[in-house]
Structures are given as C-alpha cells and as structure tokens.
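Residues annotated as active site, proton acceptor in Swiss-Prot, with sequence analysis given as evidence: Asp14. According to Swiss-Prot, the feature active site, proton donor maps to His42. The GTP binding site feature in Swiss-Prot is assigned to 13-19, 41-43, Arg306, 332-334, 415-417; the stated evidence is sequence analysis. Marked as IMP binding site by Swiss-Prot on the basis of sequence analysis: Asp14, Glu15, Gly16, Lys17, Asn39, Ala40, Gly41, His42, Thr130, Arg144, Gln225, Thr240, Arg304. Summarising the annotation, Swiss-Prot assigns Mg(2+) binding site to Asp14, Gly41. The substrate binding site feature in Swiss-Prot is assigned to Ala300, Thr301, Thr302, Gly303, Arg304, Arg305, Arg306.
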Amino acid sequence: MGNNVVVLGAQWGDEGKGKIVDLLTERAKYVVRYQGGHNAGHTLVINGEKTVLHLIPSGILRENVTSIIGNGVVLSPAALMKEMKELEDRGIPVRERLLLSEACPLILDYHVALDNAREKARGAKAIGTTGRGIGPAYEDKVARRGLRVGDLFDKETFAEKLKEVMEYHNFQLVNYYKAEAVDYQKVLDDTMAVADILTSMVVDVSDLLDQARQRGDFVMFEGAQGTLLDIDHGTYPYVTSSNTTAGGVATGSGLGPRYVDYVLGILKAYSTRVGAGPFPTELFDETGEFLCKQGNEYGATTGRRRRTGWLDTVAVRRAVQLNSLSGFCLTKLDVLDGLKEVKLCVAYRMPDGREVTTTPLAADDWKGVEPIYETMPGWSESTFGVKDRSGLPQAALNYIKRIEELTGVPIDIISTGPDRTETMILRDPFDA
C-alpha cells in the first residue's frame with residue numbers, strides 16, 4: 001500500500017493532471033504542491049462545472065482534504081488572493097483548507113517586470129515563458145536575495161529587505177532593459193495588505209508530513225508542468241525554472257525521499273507542447289490541426305495554442321527513468337477517435353543517420369532529429385466517457401498495450417473525458 005503518492009506530467013505539461021489529482025484525493029488527507037508557481041493551469045470539471053486552478057492545489061474543492069503549498073513553490077501573493085477570492089465567492093472555505101510553507105519564495109511585481117523585459121529583449125529567441133515572474137523569483141532564491149513568506153512576520157525588516165532588492169532589480173530594468181522602474185511603495189503596500197492573511201496559514205510542512213506518515217495518512221503530491229520541462233533534465237534552455245521530476249517532491253516539500261511510495265506519470269495519448277523548444281513528433285498537417293481541435297489544445301493559463309504531435313515513446317521512456325514511474329494514467333484517448341491510423345514514435349534518426357532510442361539532453365542536440373514511427377490501425381468507435389475497459393475498441397486496446405510494451409510501465413488509469421466520473425481505475429495508486 002502506498003501512502004505517499006506523486007502525480008506528475010510525463011511529457012511537456014498539459015497532460016490532464018488536475019482532474020486525476022482531484023479524482024484520487026477522494027482518499028487523501030493532504031494534497032501538496034511542491035514546485036512551480038501560478039504558471040500551472042489545472043482544469044477540473046465536476047458535475048459539469050469547470051474550475052481552473054493555477055497555484056492552489058487541486059484538492060481544495062474537497063472538504064476532507066488539507067491543501068499545502070510547499071517550499072519549492074514560488075508564491076505570488078496577488079495570484080493567491082485572486083484565486084482564493086474566486087473560490088470563496090463560490091462558497092469554498094479556502095482559509096480553513098489551505099496551509100503554506102514559510103520558506104515559499106515570493107513573486108512580486110519586479111519579478112514580472114523582469115520576466116517580460118527579458119522575453120522582449122530575446123526577440124526571436126524568446127523562451128515562451130508565461131510572463132508571470134516565475135524564473136526571476138527562482139533566481140532570487142538561488143542568489144539568496146529573495147523574500148519569503150516567513151519574512152512577512154517582521155514587517156519592518158521586510159520593508160528594508162524589499163528596498164534593497166528592488167534597488168538592485170530596478171537598476172537592471174532601467175539601465176539594461178530600458179524599461180520602467182517598479183514602484184517600491186506600491187509593492188510594499190500591496191504586500192503588507194495581505195501579509196497577515198499569508199502568515200496565518202503558515203505551518204511547518206516537513207513536520208506535518210512526517211506526522212502524517214507516522215499516522216498512515218494518505219498524501220498526494222501534485223506536480224505542475226511536465227518532466228521534459230525540468231530545469232536540469234528537460235530540453236534546456238527551453239524549460240521551466242523548477243524540478244518537475246519526482247526528485248522535486250523531497251526538496252520542494254520536506255518529505256524524506258525514502259517515503260515516496262508510488263509515482264504516477266500522467267500521459268496524454270498524443271503529444272503537445274507550449275512555447276518554443278524541441279518537439280520531434282510535431283505535426284503541421286491536418287492531423288495536427290485535428291488533434292488541436294478535438295483536444296481543445298489551448299493553455300489554461302495563457303490561452304496559447306499548443307503544438308500537437310504523435311506520442312513520443314522515446315521521450316516518455318526518459319520520463320520513466322527520471323521519475324522511476326510506478327504506473328501511467330493515460331488521458332485524452334478519445335481525442336484519437338476517428339483517425340484511420342495512429343502512430344507511435346519508437347526511435348530517432350540522428351542527422352548522421354544513426355538510430356537512437358534515448359533523448360538528447362541539450363536543445364541544440366535535438367536539431368535535425370527525425371522521428372521513426374510505428375503505425376497502427378485507428379478506430380472509428382467513440383471512447384469518450386467509456387468507464388470499463390471492455391467497452392474500448394480492440395484497436396484502442398492494442399494501442400494501450402503497445403505503449404506499455406515500449407515504456408515498460410503499466411497503464412493503471414485510463415481517462416476518457418474531462419469529468420472525474422469518466423475514468424477507469426485499473427489499479428489504485430494508494431493500493432499499489
């Protein structure tokens with residue numbers, strides 16, 4: 001039995017994590033975010049009602065669950081307040097259900113200004129960030145000049161630290177990027193206005209999780225973005241600024257690494273990517289357009305059209321290695337309904353003609369990589385909303401089996417629609 005279950009993206013993000021976390025939290029006592037910030041966009045559909053969460057864990061809609069934002073998350077007070085208000089307006093008592101680590105770095109206005117100034121300066125070489133200040137906030141953390149939630153307990157010292165760090169960043173904004181300086185007094189006033197709300201939710205997360213472990217409570221760790229966007233293991237520099245892989249759970253929450261029991265990789269039945277960066281199986285034809293349209297592939301955070309392509313099992317195998325995945329949840333299988341044939345990328349052909357079955361590491365090494373495909377018959381029957389494996393077409397079952405063979409990991413859950421009821425749980429991670 002696994003008490004501590006991790007749910008993370010096995011591709012480039014947007015795999016459908018929010019729904020699965022929400023589904024599995026039926027049995028959980030805690031749901032923990034451990035990396036990223038409000039650059040995530042987790043969409044939940046419950047009884048036909050849609051909720052998009054960016055920062056607050058997906059367990060917040062359940063009254064039996066305590067949601068925790070761990071130290072690995074960069075926290076925007078403005079984004080948190082906005083999200084809390086939206087939920088509280090719907091009658092959800094967020095403050096009774098949400099806890100924060102005092103070690104969360106704060107994202108403030110100057111981080112957003114820096115993010116946007118840099119993307120503008122990069123021009124055609126822009127990374128395609130969400131423009132929310134995530135990267136600059138992580139930079140401040142590593143440079144040991146960042147302000148944290150815990151700093152809000154001493155308001156005078158906070159004001160002094162803020163003045164110092166803003167002088168540094170405003171100098172860069174004005175003199176290097178030729179952008180406008182950010183107003184110190186406004187940032188201070190805005191942050192002080194919510195300081196007491198934030199500090200009232202602070203808890204020792206590592207201690208809480210250790211006590212939960214000793215009691216045998218079920219805990220869900222909710223990843224954001226996806227494995228192939230990991231700052232260390234992703235397609236650098238076209239990556240996010242945090243560790244999206246399972247290793248980030250321990251460092252981003254304070255749970256001891258030996259206590260992770262099961263890692264569930266969320267795997268879309270095809271591939272998508274937002275922003276720039278390598279994508280060997282990307283489709284520019286009518287099939288790519290079909291996947292985008294059928295899958296409604298537009299970002300929950302930015303509204304940007306996602307790039308679409310066939311499932312890349314070479315890249316997915318890398319995700320298996322990096323995360324020691326226990327099982328997959330296959331999502332959006334129904335998007336492939338109606339295609340005469342479906343393809344799986346099983347290897348890459350390098351520019352020198354070599355065939356390889358592992359991914360390059362640096363983005364430059366992906367140049368000229370061509371996918372080698374295995375083609376399988378598609379299916380015309382609808383898989384949308386099917387709740388039993390026996391109700392799936394044989395061709396869809398063959399596709400699922402082939403993914404398991406190529407990756408060496410069982411598909412434990414199959415999602416056939418956006419609602420939490422449209423799911424087949426073949427093996428529950430908490431029972432595995």
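Placement of Cβ uses the backbone N, Cα and C atoms for every residue, glycine included.
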If you measure Gln225 (IMP binding site) to Arg306 (substrate binding site) at Cα, how many Å is it? 13
Could you give the Cα-Cα distance between Arg306 (substrate binding site) and Thr416 (GTP binding site), in whole Å? 20
By CA-CA distance, flag whichever of Asp14, Gly16, Thr43, Thr416 among the recorded positions is nearest to Arg304 (IMP binding site). Asp14
Site extent for IMP (largest Cα pair distance over Asp14, Glu15, Gly16, Lys17, Asn39, Ala40, Gly41, His42, Thr130, Arg144, Gln225, Thr240, Arg304, Å): 34
Secondary-structure category, per DSSP, in which Lys19 (GTP binding site) falls: helix
Quick tally, other C-beta within 10 angstroms, Gly41, Gly303; top of the binding-site residues is Gly41
The rounded CA-CA distance in Å from Leu333 (GTP binding site) to Thr130 (IMP binding site) is 27
To the nearest Å, how far is the Cα of Gly16 (GTP binding site) from the Cα of Arg305 (substrate binding site)? 16
Which of Asn39, Thr130, Thr302, Thr416 has the fewest nearby Cβ atoms, counting only those within 10 Å, among these binding-site residues? Thr302
With H, G and I counted as helix, E and B as strand and the rest as coil, say where DSSP puts Leu333 (GTP binding site). helix
Counting other Cβ atoms within 10 Å of each residue's Cβ, which of the binding-site residues Lys19, Thr43 comes out lowest? Thr43
